[in-house]
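Summarising the annotation, TrEMBL assigns transmembrane segment to B:12-41, B:70-96, B:108-128, B:156-183, B:204-226, B:265-286. Annotated domain 'ABC transmembrane type-1' per TrEMBL: B:71-283, in sequence order.
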Amino acid sequence: MKLLKATTLALLLTTSCAFADTEITYQFWGSPQEVGVWNSVARAFETEHPGIKVKIEASDWDSYWEKLKVKVAGGTPPDVFAMDAPLYKDWQSRGVLLNLKPYLDKEPGILDGVYPLTLKAYETPDGFYGLPRDFQTIVLYYNKDMFDAAGVAYPNDGWTWEDFRIAAKKLTKDKDGDGKTDQWGFWEAGYDMEPFWGALVWSFGGEVVNPETHKTLISSPQAMAAFQFMSDMWLKDKSMPSEQQLRQYGADGFFAGISAMGVSGHWSVPEYSQVAFKWDIAPLPKGPAGRVTSANSAGFVIAKDSKHPNEAWEFVKYAFGEKGQTELAKIGLAIPVRKSIAERPAYLDQSTKIDHSLYIKALDYAHLKPVFKGYEEWSGAVGDALHMAWTGEMKITDALAEAVANGDEVLARSK
Amino acid sequence: MSALRPMGSERWWVWLFLLPTLLGLALGTFGSIFATIGLSFTNWDLLTPPQWAGVDNYADLPAGRMFTKAFWNTLAFSGLYVPLTVVLSLVVAIGLNRRIKGIGWFRVMYFLPAVCSPTATGLLWNWIYAPDNGVLNAAVTAVGVSPVSWLGPRMALYSIVVVNVWGAIGGGMIIFLAGLQAIPKEYFEVTRLDGATAWQRLRFVTLPALAPSLFFQTVLTTINAFQAFDYIYVLTSSGNGNSTMPTLVFSIYRSGFRFFRMGDAAAQAVVLTAMIFALTLVYFRLQKKWGEA
């Protein structure tokens, strides 16, 4: 009797295994709200693709990269995972991503209607090892209530960085009269080139790294002028809160309602939609070399060691396609990579009533945030040196010399 | 006594029950120590197989800006933190080792920081040290001194030491209190009858009797000093994973987990361990010397 039971059980187990669905995992950084939307994308995909099940897993930014490194190093990578474009080469160059060329070759026209700048980040001489999922451009956010109270005209298309600086000074105030500033014109953390200093350097006519990415170019006269501008706002005008001052109010000065202006991508919209004050957006001001913003994307990659690369590709194709992109636009954090979605109500009509097309128009004057091996370490080395200028420990010229030396050391090591 | 010794087949059982712990110790602790030492001689980016690098990772350390800054910060921090923590917790323990009204309450108050989450109390200290709305600057400006940037580059080291010492006094106090209460009362009575002063009682009775606790506490505090992280992170971390006062733990984490340089991180970890080990040896020597004297 016992034997019979055991055999039936074993039989049942094997048969159910034989007919089981193929399960693939998609892992990304993000919030519970994003998981909800992704789950509905996955369910819609499963209905169209019987036999494939998609497991959605999310974690916060820091733990995401830690987990991912451990999983990939341990030989059990998620089949599909999210990638931040600047970090893409760090993974691609180490041979852990699947080359999508054979799959893309079978799908002529799949890249049509995708914003070219977003594709550029993932293109390598031997093909795409990833595809953009959504993108970001940087715009100026301003607190209308603070502008009204100070009697300053709202930012407009014609603004230069000089206009911006003057307005920031007028918007810096000691509202309760205790002798300490409690409202600043502008806020920024100042480490990574995104969201602020990269665009500023470009619009002053400078460059960040050379195209071969073995030289850090942020100490050129043009770039120096941009950093001097930023340093003057911070240390001379004091129209930006210091790191210590900002810490008193939280991580985001605009959200905290202590800063009249801020620069950020579309990712801030859901958070800012909760604040009590009125706000709007404007294009970034123009510099001596015109108006430039910074564009960046998040992408999908498939692990080279995935046991189900074909199913993983089907899922990427779906999420990258019109149906997936339409659904993902609902998250409201980023901009769909397909023109047919981004330039239609799916993206343009969101609950937060601002001109969402501004982020798309920004592509016309956007530079791509650099994508190279060692980006995170380079950004850390440069940001550490700049930090000493923002705290006043070092003169900006000395800090830039150090930033270039440190940055070039990383670039040389990351070849 | 012999009843406690395992007999015959019981011995096997003892080993069997100890096995999980021993295996965990062998694989988990010693395994990872040896793996770290091994990795420190390789270049390993986590994603591709490690490559033999000889002593390169060690040779490159003195030139690494992130490492050298963290190294000196760690030394400066430990140099202040260890003596302050040991001395202050000893003083508090001696002060609380008496029968006065509400003594339990005092002990609880001193021990409280040790059981609070450093993240939560770190936030409280953030508010104390805040430049404009901070408690400390309100006090400082009230007496006519201009406000201080407590967590800025110039003062961060001292402000951080204060918080860490505050958090560690409770733990040290418990060790010393236990040591103090183990000293037979007769010693004090005899010395008192012989007319010894309070200082003489401390110098010739209390301190020698506390030598084992002092040794234990100093070693423990040194290890904690070199590994201090949570308060430093909450109070000084900057947006890009660095800190106004980065210590070796910051540098190790960033090199390994953020910058794909596990070999380099392993070398830094070995240097950190070697420093702790060397100091512990020095303490051993001192204890022996003291013990013999």
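Glycine is no exception: its Cβ is also placed from the backbone N, Cα and C atoms.
Highest Cβ contact count with the transmembrane segment (B:12-41) among the listed stretches B:70-96, B:108-128, B:204-226, B:265-286 falls to B:265-286 (criterion: pairs under 8 Å). Long-range contacts of the transmembrane segment (B:108-128) within the same chain, counting only residues at least 6 positions beyond its ends with a Cβ under 8 Å from a Cβ of the stretch, are 92, 96, 134-136, 151, 163, 166-171, 173-174, 230-231, 233-235. Listed as Cβ neighbours of the transmembrane segment (B:265-286) (distance under 8 Å, sequence separation of 6 or more from its ends, same chain) are residues 33, 36-37, 39-40, 44, 57-58, 61, 67, 71, 74, 215, 218-219, 222-223, 226-227, 248-249, 251-253, 255-257. Using a Cβ-Cβ cut-off under 8 Å and counting only residues 6 or more beyond its ends in the same chain, the transmembrane segment (B:156-183) has close neighbours at 73, 76-77, 80-81, 84-86, 88-90, 92-94, 96-97, 107, 110-115, 118, 121-122, 125, 129, 150, 205-206, 209-210, 212-214, 216-217, 220-221, 224-225, 228, 231-232, 235-236, 244-245.
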